[in-house]
Amino acid sequence: MVPIAAIRRKLMDGSISHNELDELKKDQRKGVQELLKRYQAQQEKQQTLIQMHKQMWRYEQELKQRGYVAVCGVDEVGRGPLAGPVTACACILPDDFQLLGLTDSKKLSKAKREEYAKMISEQAVAYSIASVSAAEIDEINILQATKKAMTKAINGLSQKTDHLLLDAVRLDVPIAQTSLIKGDAKSLSIAASSVLAKVWRDRYMEELAQTYPGYGFDTHAGYGTASHLQALRTYGMTPEHRKSFRPVLEESQGLIYGT
């Protein structure tokens, strides 16, 4: 009888054969059946991730079949916060790109986003990140600022793109484009841009927390949490706050940080 420790090793390293799996199903030892159950659950999860990856790659593949060469995903983060920039990323992935589990950055943990961002940046054909400041958001409004950040990111690419995949927006640029509702959960290129933009902006807000202690920018990234609203009432607005966003003026009562 094969020791349970040996079975565990074979299951973990993937060296077990179909015949061996069939034999394990007949093994009545509780430890073996528990190992087998976990293994099967992992295999099912892996297959789910593979299918999701294929599904999220279909837009890029269809565009390549139509003759487009450099399909670029574009996404933004930071439209809703009361402070900080709106940040966009444009990303072109290679044809053989594979990163199982990649999806909308909002669905990933901070640790996963950091891990994936490193892998994406290493594998990408090209990517570019751009931001528009809170002051400029106040001048031109958040929608126009978002589009400007996206356009800046596209223009910053080291390789020219011939088709854009966008998340529920259209840009006034002379490039063919496809807009997808909830695109960051439907396209790998958009998801990759979502992750890169999110990680970059979060790091920016963490640095901002050192400049303006007491606001908690490193925890809420500028969103209107209860603690952030309280900080506005206590300390007032910083230059990084969006004065055109009603809660900023209402909660700060016009108080300026440091005065």
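Just so you know, glycine gets a Cβ as well, placed from its N, Cα and C.
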Among Asp138, Asp162, Asp167, indicate the single residue that Swiss-Prot lists for the divalent metal cation site containing Asp75, Glu76. Asp167
Can you tell which of Asp75, Asp167 has the most other C-beta atoms within 10 Å, given these are the binding-site residues? Asp75
Those residues of the chain, 6+ apart, with a Cβ under 8 Å from that of Glu76 (divalent metal cation binding site): Val86, Thr87, Ala88, Cys89, Thr146, Ala149, Met150, Asp167, Ala197
For the domain 'RNase H type-2' (69-257), report the average pLDDT of the model, please. 97
Other same-chain residues whose Cβ falls within 8 Å of the Cβ centroid of Asp75, Glu76, Asp167, the recorded divalent metal cation site, in sequence order: Val74, Val77, Ala88, Cys89, Met150, Leu166, Ala168, Val169, Gly183, Asp184, Ile190, Ser193, Ser194, Ala197
